[in-house]
Amino acid sequence: MIPVSLVVVVVGGWTAVYLTDLVLKSSVYFKHSYEDWLENNGLSISPFHIRWQTAVFNRAFYSWGRRKARMLYQWFNFGMVFGVIAMFSSFFLLGKTLIQTLGQMMADSSYSSSSSSSSHSSSSSSSSSSSSSLYNEQVLQVVVPGINLPVNQLTYFFAAVLISGVVHEIGHGIAAIREQVRFNGFGIFLFIIYPGAFVDLFTTHLQLISPVQQLRIFCAGIWHNFILALLGILALILLPVILLPFYYTGVGVLITEVAEDSPAIGPRGLFVGDLVTHLQDCPVTNVQDWNECLDTITYEPQIGYCISASTLQQLSFPVRAYKRLDGSTECCNNHSLTDVCFSYRNNFNKRLHTCLPARKAVEATQVCRTNKDCKKSSSSSFCIIPSLETHTRLIKVKHPPQIDMLYVGHPLHLHYTVSITSFIPRFKFLSIDLPVVVETFVKYLISLSGALAIVNAVPCFALDGQWILNSFLDATLTSVIGDNDVKDLIGFFILLGGSILLAANVALGLWMVTAR
């Protein structure tokens, strides 16, 4: 759900701005001075939309557009080729995304029906997880602040949107000046909560130049977004090298935040500044290892621990085992915070259950799957496996020099409530959050700049793709099809198809995000 406070602030803020604008424009005393002030500052206000335009940057744009003309010519030629390829590729990408979304909807529908008909929980879980992974693999996803975009990351999101938009429009502006089109100004706007940028070009000049020149201008925006995304990927890859004088990597993951409701909180839990090196027997050297280890723990059976027969006899006590609702076995007091029910096979291969103090049972022991794994170290040892609910795991988290944390719960809860980084500061005065901030922002910049390039390339009404398509058809079909009406009709149907495809993706994407 979108936070109510966010909606109240946005609607209340825009209402206040619009009413103030309306009152000042209706005032006998302030009307002329206020309108003059708006005009002099290049401001215009309408419901849920503020626009600012200036000619202050015109000299800079003209300087960029006239510098190294030959190099810019080649640069925008590359951009033109990329733009045309991207325009046609966007059809395939949107079609693939639409098929994936429909597949996800069908998977969710079958999962709901199987749940209502009392299917086995394991099969339902696998169906749900596979459909979720299918949705997460999509190249394009609808983003709604407060639903699938955390509120605490809105700053990254909107900053990346604004920078991507500015770079996009700078591309259009420089290309236009390079093609001798008059540049009137540059501006920034705010629509509801989304920021953006624009350039004001002299339309008559734009219509007089050749279709190929128009293509260079119209493709320049998405070309610059593509290059920005590539630079972001390069920066992300080189980030460990860039930060090497101040931060090192490859020895574990550093805890940067533990949520207040995290199961990892406690006297023997995780704390900010702890360095995690292992999850069970899975070594952790970076964030990717952490995620892969948690995935392995989630989807593989619970691992066991070797315990000697003498220790088992000493720690265990008579218990009464019973079945849980999910079919697993419990043999400890439900309210116990230290004891866990373990299962094992004795020398006669009979499965038994015993309630043991978890820390004493698993501390300083090797992991195992069967008794054979334990016979290597001692002939009189057993492999005891925690008997937990279907999706619950006992995870031993190593974070030296502190004592190992024993986590009992769903691995995903650990994943979502504990924030980590691969970067460890070399000096105490350095912030552990700085690499996380830089890394997160660069990832948003890559995603949003790339998305802006893809979406704007779609031959859809009111997007760059419309003008790219029109110029492309003018450049290629004018000599083939003499009748302009036929050419325009072809363009119209392509635009209609692209618009329907994009609208379907957005509508179904919104439904998937808000209705799940």
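Just so you know, glycine gets a Cβ as well, placed from its N, Cα and C.
Residues annotated as active site in Swiss-Prot: Glu169. Secondary structure at Glu169 (active site), as computed by DSSP, is helix. Packing around Glu169 (active site) is summarised by its Cβ count: 21 other Cβ atoms lie within 10 angstroms of its Cβ, all protein chains included.
Residues annotated as Zn(2+) binding site in Swiss-Prot, with sequence analysis given as evidence: His168, His172.
Positions annotated as N-linked glycosylation site by Swiss-Prot: Asn334.
Mean pLDDT, taken over the topological domain 'Lumenal' (25-74), works out to 92 on the 0 to 100 scale. As annotated by Swiss-Prot, topological domain 'Lumenal' applies to 25-74 (among others), with the evidence given as similarity to another entry.
According to Swiss-Prot, the feature topological domain 'Lumenal' maps to 108-141 (among others), an assignment based on similarity to another entry.
Annotation source Swiss-Prot lists topological domain 'Lumenal' at 249-443 (among others).
Annotation comment: Swiss-Prot describes 474-489 (among others) as topological domain 'Lumenal', evidence class sequence analysis. Below 8 angstroms of C-beta separation, residues 210-212, 214-215 of the same chain, each at least six residues beyond the ends of the topological domain 'Lumenal' (474-489), sit close to that stretch.
Beyond the topological domain 'Cytoplasmic' (511-516), the same-chain residues lying 6 or more positions past its ends with a Cβ under 8 Å from any Cβ of the stretch are 101, 104-105, 108, 135, 141-144, 147-148. The feature topological domain 'Cytoplasmic' is assigned by Swiss-Prot to 511-516.
According to Swiss-Prot, the transmembrane segment annotation covers 4-24 (among others), on the basis of sequence analysis. Residues 30-31, 34, 45, 47-48, 50, 145-146, 151, 192-193 of the same chain lie 6 or more positions beyond the ends of the transmembrane segment (4-24) yet place their CB under 8 Å from a CB of it.
The transmembrane segment annotation in Swiss-Prot covers 75-95 (among others) and is backed by sequence analysis. Non-local neighbours of the transmembrane segment (75-95) in the same chain are 139-140, 171, 175, 178, 212, 215-220, 222-224, 226, 453-455, 457-459, 464-465, 468-469, 472, 497-498, 501-502, 505; each lies 6+ residues outside the stretch with a CB under 8 Å from one of its CB atoms.
According to Swiss-Prot, the transmembrane segment annotation covers 96-107 (among others).
Here the transmembrane segment (142-166) has long-range neighbours at 1-3, 6, 188, 193-197, 225, 228, 440-441, 444-445, 447-449, 452, 505-506, 509-510, 512-514, meaning same-chain residues at least 6 beyond its ends whose C-beta is under 8 angstroms from one of its own. Marked as transmembrane segment by Swiss-Prot: 142-166 (among others).
Under the heading transmembrane segment, Swiss-Prot lists 171-183 (among others), citing sequence analysis as support. A Cβ distance under 8 Å defines the sequence-distant neighbours of the transmembrane segment (171-183), meaning residues of its chain 6+ beyond its ends; these are 58, 61-62, 64-66, 69, 72-73, 76, 79, 199-202, 205-206, 209, 213, 216-218, 220-225.
Sequence annotations record features per position, and here Swiss-Prot assigns transmembrane segment to 184-206 (among others).
Residues annotated as transmembrane segment in Swiss-Prot, with sequence analysis given as evidence: 226-248 (among others).
Outside the transmembrane segment (444-461), and at least 6 residues removed from its termini, the chain residues within Cβ reach (under 8 Å) are 83, 86-87, 89-91, 93-94, 139-140, 153, 156-157, 159-161, 163-165, 167-168, 221-223, 225-226, 228-229, 232-233, 236, 468-469, 494-495, 497-499, 501-502. Among the features that Swiss-Prot reports, transmembrane segment is placed at 444-461 (among others).
Taking DSSP states H, G and I as helix and E and B as strand, the topological domain 'Cytoplasmic' (511-516) has 5 helix, 0 strand, 1 coil. Using DSSP to sort the residues of the topological domain 'Lumenal' (25-74) gives these counts of helix, strand and coil: 27 helix, 10 strand, 13 coil. As a summary of secondary structure, the topological domain 'Lumenal' (474-489) carries 10 helix, 0 strand, 6 coil according to DSSP.
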